[in-house]
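To keep things clear, I will list the structure first and then write my remarks on it.
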Amino acid sequence: MREFMARLRLVPAQAGLGYVVLVATAAAYLVVYTSSLGRFPTSFDYLSILNTMLPLVFVAIGQSLVVLTGGIDLSVGGIVSLCVTVTATTVTGTGLAPFGWLLVVLALGAACGAVNGMIVAVGRIAPILATLATLSIFTGLALWVLPVPGGSIPPVVRNVLSNPNVPTGLIWLGVAVGGWLVLRRTRFGMRVYAIGSDETSARAVGVPAGRVKLGVYALSGLCSALAAIFYVSTTTAGDANAGAPFILTSIASVVVGGVAFTGGRGSALGAVAGAVALTLVIDVLFFAGIDPLYQSLFQGLFLVVAVLLGTAATFLTRRRRATP
Amino acid sequence: MNLHRYGRLLVAAVALVVAAACSSPATEAPATQATGAEKLKIALSNSFIGNQWRVEMENVFKAACAMPPYVDQVDCSVYNAGNDVSTQSRQISNLISQGVDGIVINAASTSGLNGVVQQACDRGIVVVSFDNTVDAACGLTVNTDQVKFGQQLAQFLVDQLKGQGKVIMVTGVAGTGADNDRNKGAKEVFAANPGIEVVATYSGMWDSATAQRATSGQLPSLPEIDGVWVSGGTDGVIKAFSAAKRPMPVFAGEAENGFRKYMAGILTPKVNGMSIGQPPFLSVIALELARGVIKNEHPKQSVTIPFPVVTSETLVPGETVFPDLPDSFFADFTDSGPNATVILCQEAATDGTPCPGKTLDVNFGQR
C-alpha cells in the first residue's frame, strides 16, 4: 500500500491539468455552439475538428517527449515545413505506391530530428540554440523544395488519412495514443523520465543519456513528419511556411497539458489534451462572437489562465506532500 | 490523494452539467433567427489584421455592409485568423456549419485552404477570395494584375522623360508573388526603351522608413536621377531625396497618402508623379461578386479590376488625397473618376462607418 501511494505521488496533479482544461473547453464549445446555432454540433463539425487538429496533436506529442527530457524543440516548425513540401511534391501515384513515399517522408523527418539529437547530445549545445539553428536550415530547405505554395496529394492518401466523410483520423489518433502508452512502459520511456528528472543521477546509474536524447529528438522529428503528412492530406497542397505556427502552438499544448518545463514530469497524453483544447478555443471564440480584433487577446488569456491553474495545482500538491 | 482525484472528476461532471443546462434554453434560438432569414449571410475571413492596409480593407467591408444595397440584403460578419492556416481553416468550417451563403476570403496561404474551400463549394456556398487568393478551382477570385502595376508605372516614367534618362527602381519584399510580378512588368518596359538607363535597383521592403534609409544610403554614389520607380514606401524615398537636397525627379509609386500629399503640393517640395495601388476596396468588390452570384445577377466568373490611378494633375483633395489623414494611410481605399470601380468616403476607411446617404454602386468595368 505504501508503495502504491508512493507511485501515486509520482503522478503530479499538474498532469491532470490538460484533461480539466480539455473538458472545460469542450463544455464551453458545446454551450456556445448550441446557443449560437440552436442545435448540437453535427458529424461535419466533429470531423473537421478532428482533421484540423491532427497535425498539432502529432507535433505536440513529439514536443512533449523532448520537454520531458528537459529540452525544447523549436525546429518542429522547420521539419513540418520541409516534410509538407516533400509530401506535396513527391507523393504521387495510385494504389500502394504513395504509401511507400510516405514512409520515405517519415524517414526524412526522423533523420532531421536525429540531426537535432546529435547536436544536442554529442555537441552538448543547449537545445534552444541547436533547434533554433536547425529551424532556419529546415525552413530554408523547404523553400528550396517548393518556392511557391502548390503541389498535390493523391486522393487515395486523403481517403485513408483524413477522409472528409469518415472519421479515419480517429484510428490514427488511437495509434498515436497507444504508441505513447506502450513507449512510456518501455525501458526507453523510463529513461526519458529519468533524464528529465535528474540527468546527472541518471548518468551515474548508467543511463546512456546521449543515446536516449538522440532517440527522443528523432521521435520528435518523426512526429513532425506525421503532422506534415496529415497537414497535406487535409489541405490537399503544400506550403513552405506551413510549419511556422506549430512552434508556438505545440509548446502551448505542452504547457496546457501540464508537462513541466524542468523535465521529468507530465505525459504526452496531457499534451494531446492540450492540443485538442487549443483547437477548440478557436471555435469557442468564433461562436461566442468575440470581436476579431480581440481574439488573440483571449487566446493569450486562455494560455495564461491554464498555466496559472497548473502552477496552483503543483503548489497545492507540494503543500499536501509537506504535511503528511 | 484519492479525494483529490475525485475532486478532479467532480470538476468534469460539473462542467458537463453546466453544458447540458445551458444548452436547453438555447434550442429556442432558431425562432429568433428565422425572422431575418431572407437576408443573405456573407462572412469575411481575413488571415491577419497586422497592418494599415488590412485595417482599411476590413473597415471598408464593414462600411459597405452598413450601406444600401447591402444593409437590406446581407448579414455580414468578420473573422481574423492571426495568419495561421489551421485557425482560418477552423473558422471557415464553422462558417459552413453556420450555413452562410457566401464566404469572402483573404487567405493566410494560397494553397492551405484548398481542402476546406472545396468542402464549402460542395455545400453550395459561394467562395470569393481576393488579394491573397485561394488556389481551389471551385472558388472565385477578385484581384488586380500586378504585372500591369509595374508596366503602367514604368510607362509613365518613360512618357514623362520622353524615353531618355536615368531611373532607379525601389522594389518590395523579395520572394513574394506581387514583388516578382511588379518588377517583371517594370523591367519589360524599361528594356523596351533603350534610352532609359536603370542605374540602381534596391529593396525598400514596401515600408516607408526602410525605403528612406536604403535611398539615403544609395544616393551619394548615384548620378543625377531623372525618374524613380517605387513598389512601396514612396514617401520615404521622396524624403530621402529632399534630405539630400537633390533635385526632385519624376516619381512613379504606390498609393500612400504621404506620396500623394507631395504630389498635390500639400507637402513640399511638390513632386510630379503617378500613384497606383492595390486597393483595399477589393473586399467590397468580393462582397458584391458573392452577393451577385448568389442572387444570380452575375455570371459565376472571377474578376480582375483595374488599378485606381492618379497623377499630379488629377489629384483632388478629399477624394484621392486626404490632408488630415496620416502619411502611411493608403489613399486608394476609394476609386475616382467617371468609370470608378467603387467610390467610398473617408469615414468608411478610417472607422468602418457608412458614408451618409449613399448607395454603393460597384462597377466591374469594361475598361
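The backbone N, Cα and C atoms fix where each Cβ goes, and this holds for glycine too.
Please treat TrEMBL annotations as automatic predictions, because they have not gone through curation.
Sequence-remote contacts of a segment are chain residues at least 6 beyond its ends whose Cβ falls under 8 Å from one of its Cβ atoms, and for the transmembrane segment (A:12-34) they are 40-41, 45, 256-260, 265-267, 269-274, 276-277, 280-281, 283-284, 287-288, 306, 309-310, 313-314, 316-317. Taken from TrEMBL, the feature transmembrane segment covers A:12-34 (among others).
For A:46-67 (among others), the entry in TrEMBL reads transmembrane segment.
Positions annotated as transmembrane segment by TrEMBL: A:74-93 (among others). Same-chain neighbours of the transmembrane segment (A:74-93): 55, 59, 62-63, 101-102, 104-105, 108-109, 112-113, 116, 128, 131-132, 134-139, 141-142, 145-146, 150-154, 157, 220-221, 223-225, 227-229, 231-232, 237-247, 250, counting only residues six or more beyond its ends whose CB sits under 8 Å from a CB of the stretch.
Under the heading transmembrane segment, TrEMBL lists A:99-121 (among others).
Taking Cβ pairs closer than 8 Å, the transmembrane segment (A:128-146) reaches residues 72-75, 77-79, 81-82, 84-86, 88-89, 112, 115-116, 119-120, 238-240, 243-244, 247 in its own chain, all 6 or more past its ends. What TrEMBL lists as transmembrane segment is A:128-146 (among others).
Here the transmembrane segment (A:166-183) has long-range neighbours at 46-47, 50-51, 54, 57-58, 61, 159-160, 189, 226, 230, 267-269, 272, meaning same-chain residues at least 6 beyond its ends whose C-beta is under 8 angstroms from one of its own. Annotation comment: TrEMBL describes A:166-183 (among others) as transmembrane segment.
The transmembrane segment annotation in TrEMBL covers A:214-232 (among others).
Annotation source TrEMBL lists transmembrane segment at A:244-261 (among others). Residues 12, 14-18, 21, 55-56, 59-60, 62-64, 67-68, 72, 74, 76-77, 80-81, 135, 139, 224, 227, 267-275, 277-278, 303, 306-307, 310, 313-314 of the same chain sit 6 or more residues outside the transmembrane segment (A:244-261) yet have a Cβ under 8 Å from a Cβ within it.
Note on the transmembrane segment (A:268-290): residues 15-19, 21-22, 25-26, 28-29, 32-33, 35-37, 49, 52-53, 56-57, 59-61, 63-65, 68, 173, 176-177, 180-181, 184, 249-250, 252-259, 298-299, 302, 306 of its chain, located 6 or more positions outside it, place their CB under 8 angstroms from a CB of the stretch. Annotation source TrEMBL lists transmembrane segment at A:268-290 (among others).
A Cβ distance under 8 Å defines the sequence-distant neighbours of the transmembrane segment (A:296-316), meaning residues of its chain 6+ beyond its ends; these are 12-14, 16-17, 20-21, 252, 255-256, 258, 260, 274, 277, 281-282, 285, 290. As annotated by TrEMBL, transmembrane segment applies to A:296-316 (among others).
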Using a Cβ cut-off of under 8 Å, list the residues of the same chain at least 6 residues beyond the transmembrane segment (A:46-67) that approach it.
73, 76, 80, 113, 127, 162, 164-165, 167, 169-170, 172-173, 176, 180, 192, 216-217, 219-224, 226-228, 230-231, 234, 246, 249-251, 253-254, 257, 259-261, 263, 266-268, 270-272, 274-276, 278-280, 283
